[in-house]
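S.K.: Supplied in C-alpha cells, the structure appears directly below.
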Amino acid sequence: MGKKSSYSSSSISAWRYLQPRYYIKRPKRLAMVLIVCVSLTWLLYDRKSLSTGQQDDILKLKEEVTRLQNSIEDIKGHMKDSAESIQNEDEVNKFAKDIYVDEDPISKQRRDKIKDAMLHAWTSYETYAWGKDELKPQSMNGVDSFGGLGATIVDSLDTLFVMGLDDQFNRAREWVAESLSFDKNIEVSVFETTIRVMGGLLSAYDLSGDKVFLEKAREIADKLLPAWNTPSGIPYNRLNLELGNTNNPAWARGNSILADSGSEQLEFIALSQRTKDPKYQEKAEKVIKGLHKSFPDDGLLPIYLNPLTGTQTGGSVTFGAMGDSFYEYLLKAWIQGNKTEAVAFYREMWEKSMIGLQSLIKKSTPSSFTYISEKLGNAVFDKMDELACFVPGMLALGSSTSGPGEAEKYLSLAEELVWTCYNFYQSTPTKLAGENYYFRDGEDMSVGTTWNIQRPETIESLFYLWRFTGNKTYQEWGWNIFQAFENNSRIETGYVGLKDVTTGKKDNMMQSYFLSETLKYLYLLFSPSSVISLDEWVFNTEAHPLRIVTRIANEESGHPKEVFPRHLHGRKEGRFEYK
C-alpha cells in the first residue's frame, strides 16, 4: 500500500501460510506459495532497462529461490508420512521467520514494541488475575466484570495468535478447554458476552481451526438465545445464564438499547455458518429485518427500542454510546455475506444511515474541526463521544465498495473526522483522549468527561485509513497515541486507564479490550495489508476478525446457503486462489 520494498508486495500475501500452524498443515501449498511469491518478484522487472544494481538484485533473488527450493525439499523429508511428523518446532519457526519479508524496517521496529506491550499486559494478567475477567493492576488482583467468564483470556486469543505468541495462546486455549464454563447462576450483558466471549471464540476458531473454540461458542450462544424470545424479536439486554431469566436495565425503563440489540448479527450469523444450524442467524437477523420494514429515510434511530412492540420509544440519536455499533454492523453484515443480493438490505439501510450522518455533521470555530453532533427530538447537542471515532474507519471501509462519487465523499469525510479524533488526544497534556468533547463557538473542542479508559476507536479508524490510502501520516498518529499510552498508562504490573487526562491521575483497571482491540489495531497498523486482509476478514465491534463467507438466498428452503469465496483479490496486491 504505497510502501517500497526490494521484494514484490505479493510476497507478503504468504504471511499467514508461513505461520507455524499453517505451515505444518499445508506443505504443498507452502511450497507453491514460496516459489511463486519470490519468482514473481524478479519477473516483474523490466529487463531491458536494468541497472547494474538491479541485475545484482535479480541474482540475489535467484539465489534466494534456489535456497527456498532446497529448504522446501529438506522439510518435505520431515513431512513424508504426515504433517504431524515434524519434530523440531524450532526449525519450523526459524524457517518461517527467515522467509517473512518486511518491506519497512521502521514498521517492524514499531510492531515489535507493540508486541512487547501485549506481552507485558498479558504476563501481568497471567500473574495477578488468571481466570478473572479483568486485571486491576495497581492492587494486583482480578475482578469479574462480566460474570466470571475469563473475558481477558477469550478476548485476547486472536491477538496472541496474530502476534505469533504461541506459548501464551496455547495456555489460553488450555484454559478455555478445561476451565471455561457457562453453567453459572450469574446475570450477564447479552451484548458484551456476545462481542467479547462469543466473538473471541469464533475468531480463534476461524484463525486456528481448533474445534474447541467453536464448541464453546455454540455453548454460550445456546445460553444467550432466550434473550430473543420476545413478541417483537428484539432481545432483552440482560440474561441469567443458568435460569434463562431476562430483563432490561432499570434506567432504560424497560427498553432495549439500539447498539446492544443491533450489534449481535455478525457473531450469530458466523455461528450459523460454521455449525450449519440456521437458528442463531434467524434470531439475530430478525431484529434487523424488523427494523428494515419501517426504516426512516435518514436511517437514524433513537437509542431505545421496545422489546414487546418493536417500536422506537425515544432517546437520543447518536453515533456515540448506545447507538454506535448498530450502524457499524449494517455495513459489516453486508461485507460478511460477501456483498450478495441475500444481504443487500443491510447495505441499503447503511447508506440511508449515512444520509442521516451527514445531517449531524458540523464544524467548530475557529479551526473548523469536523464533528458529529447528537440529537434529542429537535434539539441538537454539540457533543461528540470518543466512541464515535469508529465512524472514520467505517466510512473508509464503506468507501472501498462504493461508486466513484460516493467513495470520494465517504473518504473525504473520514479524513476530516479522524483529524478531529486525533486532536482529541493531542489537545490534552497527557496526549490521551477524554471520554467525550464539547464544541462551543470560538472554543473548538473542550474535554467533557475527563477519564481515558484505553479505548481503541481512533486507532481503529487510523488502521482502516492506512489500509485504504497507504498514507503514512496515519501510522505516525497511531504511533504517537501508542507512546502516550506507554508514557501514562504502563506501570510495572500492567496498563491502567486515567481518571483525568489533564492531570494524568491513574485508575486501577486494565480493560479486556485494551488487549483485544487497542493493541491489536496498533499492531495491524504497522503490519503488511495481507495480515488479516480486509478482502477475507471482517472485524466485529470488539476487533475479532471473522471470515467472510458468501451468502446466497436459497428460495426452496427459505434459508441462506453459504459458500467460501474461490477468488479473493486485494486492491493493490494479488491473492492466491483457494478452494
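Just so you know, glycine gets a Cβ as well, placed from its N, Cα and C.
Unlike curated entries, TrEMBL annotations are predicted automatically.
Here the structure is a predicted model, which means the values were calculated and not measured.
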S.K.: According to the record in TrEMBL, which candidate from Cys37, Cys389 pairs with Cys421 in a disulphide?
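M.R.: Out of the candidates Cys37, Cys389, the one TrEMBL links to Cys421 is Cys389.
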S.K.: Quick one: of the recorded positions Glu192, Asp324, Glu435, Glu457, Thr541, which has its CA closest to the CA of Cys421 (disulfide bond)?
M.R.: Glu457
S.K.: Given a separation of at least six residues and a C-beta threshold under 8 Å, show me what packs close to Thr541 (Ca(2+) binding site) in the same chain.
M.R.: Ile195, Ser263, Leu266, Asp324, Ser325, Glu328, Tyr329, Phe390
S.K.: Looking at the recorded positions Cys389, Glu435, Glu457, which has the shortest Cα distance to Glu192 (active site, proton donor)?
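M.R.: So, of the listed recorded positions, the one sitting closest to Glu192 (active site, proton donor) is Glu457.
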S.K.: Across all protein chains in the structure, which of the active-site residues Glu192, Asp324, Glu435 has the highest Cβ count within 10 Å?
M.R.: Asp324
